[in-house]
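K.L.:
OK, TrEMBL features for this one:
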| type | residues | note |
| --- | --- | --- |
| TRANSMEM | 35-60 | transmembrane segment |
| TRANSMEM | 72-93 | transmembrane segment |
| TRANSMEM | 99-120 | transmembrane segment |
| TRANSMEM | 132-155 | transmembrane segment |
| TRANSMEM | 167-187 | transmembrane segment |
| TRANSMEM | 199-222 | transmembrane segment |
| TRANSMEM | 256-278 | transmembrane segment |
| TRANSMEM | 322-343 | transmembrane segment |
| TRANSMEM | 348-368 | transmembrane segment |
| TRANSMEM | 395-416 | transmembrane segment |
Amino acid sequence: MDDTVATVDMSSGENFVEKHASNESPKEKLSRGMLAYSMISCICQGFCVLLCVHSSFMLAGMASDAFGVSNFAGMVVYLLEGASCLFNIIVFWCNAVKPWLPVVVSFAQALASIAQIIVLQMCEGDTGKYAYLAVVGVFGLIFGCNGISSFALAAFGPVNNLGPFTFGYALGGVLPFVFSTILRTTVYTGTDAASVKGMMSWMLGFLAVMSTVSATNMVIYLTREPIKRHYEQIKLDGISTVKCTFRSAIKGLRHAWRIVLIECISYTTLLGFYPGIIPSAMKMEVGRRVMLIGIFQISETFGRGTAVFIDNKWLPCNNLNRIIGLVISNIGTAGFLVLCTIYHDNAFLGNIVVITIGVITFGAVGGYCNSFSDKSIEGELPPELEREVRVSTTTVFRIIVSFLCTLGGFLSTLLVKAFPDHTEALKAAAAAAAAKAGEAGADVAAKAAAGLSH
């Protein structure tokens with residue numbers, strides 16, 4: 001018995017194959033308007049999911065300045081992705097094809113954002129650091145649940161919208177950067193802890209609002225009659241009730257081993273160095289570090305958009321073998337940026353233009369490889385695979401990505417110890433400058449007093 005799975009050409013958004021797996025009637029054809037709304041809703045949900053993690057990465061690069069402690073950006077990434085991976089596994093065993101689950105966890109994401117604002121405003125020093133990490137852990141659980149359930153929602157919808165969904169991932173990184181840039185240039189122009197906390201709080205408020213908007217849109221989307229009938233049919237076909245197992249997933253992964261290899265190299269490299277080392281460990285003031293984080297996220301969005309919306313025949317790297325070569329080359333880009341971090345006093349390696357070009361390349365190549373591999377999942381699985389294998393394999397990719405991000409975050413926490421803590425160095429330099437200014441002021445006052453005595 002064949003599986004009932006509809007797929008979509010990611011570059012055009014049109015159905016190109018529809019395989020029916022049971023004696024049930026074929027799926028009702030959706031209007032172009034509903035197909036467009038389905039794609040837009042998946043982009044919005046992908047945006048909501050990764051808005052959480054991209055905002056957390058950006059905030060991780062600022063948190064040490066907010067609490068007045070040493071750099072712990074790598075720890076934030078490790079904790080966030082570790083908690084996400086744990087919950088991904090739990091949801092996978094329960095079958096992630098639960099259409100209303102993303103709605104619930106998106107609202108929960110908004111509440112967790114508000115909790116982070118409370119911690120920022122009420123805590124300082126190490127107390128603030130550990131309270132912030134505790135909330136990040138809860139945030140990670142919510143992100144994990146939202147990630148895998150939304151991923152399944154896009155994969156098993158009326159059309160396979162994994163490409164647009166992962167494009168939404170990258171958009172979730174651009175808007176926080178734009179928002180933070182507006183705040184930094186208009187309201188919070190200082191570099192003191194109060195200014196950093198204020199900007200972080202506004203960004204978290206933005207995350208809470210956008211999570212609520214996305215959840216509300218999903219409520220509207222899931223109650224549209226054609227979409228509602230589709231997911232009812234999914235349930236009747238047994239796709240949302242089939243038992244997902246790692247044994248079934250391994251059967252499918254044998255056919256998609258190249259995608260696993262690409263994602264293993266890409267996500268481990270990206271999260272191993274970004275944002276814990278690149279740019280958080282770089283010797284520069286917080287505004288410039290935030291700028292580089294934003295540039296990375298914009299470049300990743302460009303890379304993902306190129307992979308999703310441009311037809312493969314126009315792409316130079318348009319098959320998985322070439323993508324493997326491209327993702328390996330990105331390790332070299334990471335190595336170059338590490339050299340820029342170590343030899344920051346070198347005229348060439350310390351040049352902000354050179355560093356920016358490196359960050360753009362790092363983000364764009366990583367985003368392109370990740371989205372190209374995501375949209376290739378369906379094509380790598382033979383149509384004759386059993387329903388259990390197809391559902392298990394498709395959803396287990398979210399666990400693989402989450403595990404690899406956790407591994408990258410763990411490597412980041414180890415690697416960051418090899419780099420000097422420029423946050424403390426900048427504080428010491430500022431204190432020395434203040435002391436010197438005080439001494440100079442005292443000398444001037446003494447000379448003035450001596451002049452008056454004469």
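Every residue, even glycine, has its Cβ placed from backbone N, Cα and C.
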K.L.:
Can you tell me which of 35-60, 72-93, 199-222, 256-278, 322-343 gets the most C-beta pairs within less than 8 Å of the transmembrane segment (132-155)?
P.N.:
72-93
K.L.:
Considering only Cβ pairs within less than 8 angstroms, which of the stretches 35-60, 72-93, 199-222, 322-343 has the most against the transmembrane segment (167-187)?
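P.N.:
Most Cβ pairs under 8 Å with the transmembrane segment (167-187) come from 35-60.
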K.L.:
Decide whether the stretches the transmembrane segment (395-416) and the transmembrane segment (35-60) have at least 3 CB pairs under 8 angstroms, with pairs required to be 6 or more apart in sequence.
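P.N.:
Checked: the transmembrane segment (395-416) vs the transmembrane segment (35-60), no contact.
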K.L.:
Please identify the stretch among 72-93, 99-120, 256-278, 348-368 with the greatest number of Cβ pairs below 8 Å relative to the transmembrane segment (199-222).
P.N.:
99-120
K.L.:
Given a Cβ distance threshold of under 8 angstroms, which distant residues of the chain, six or more beyond its ends, lie next to the transmembrane segment (348-368)?
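P.N.:
Answer is 170, 266, 269-270, 273-274, 278-279, 282, 284, 288, 292, 295-304, 306-307, 317, 326-327, 329-330, 333-334, 336-337, 339-340.
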K.L.:
Which residues of the same chain, at least 6 past either end of the transmembrane segment (99-120), have a Cβ under 8 Å from a Cβ in it?
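P.N.:
Hits for the transmembrane segment (99-120): 45, 48, 52, 59, 66, 91, 128, 131-132, 135-136, 138-139, 142-143, 145-146, 149-150, 153, 197, 200-201, 204-205, 207-209, 211-212, 214-215, 218-219, 222, 231, 240.
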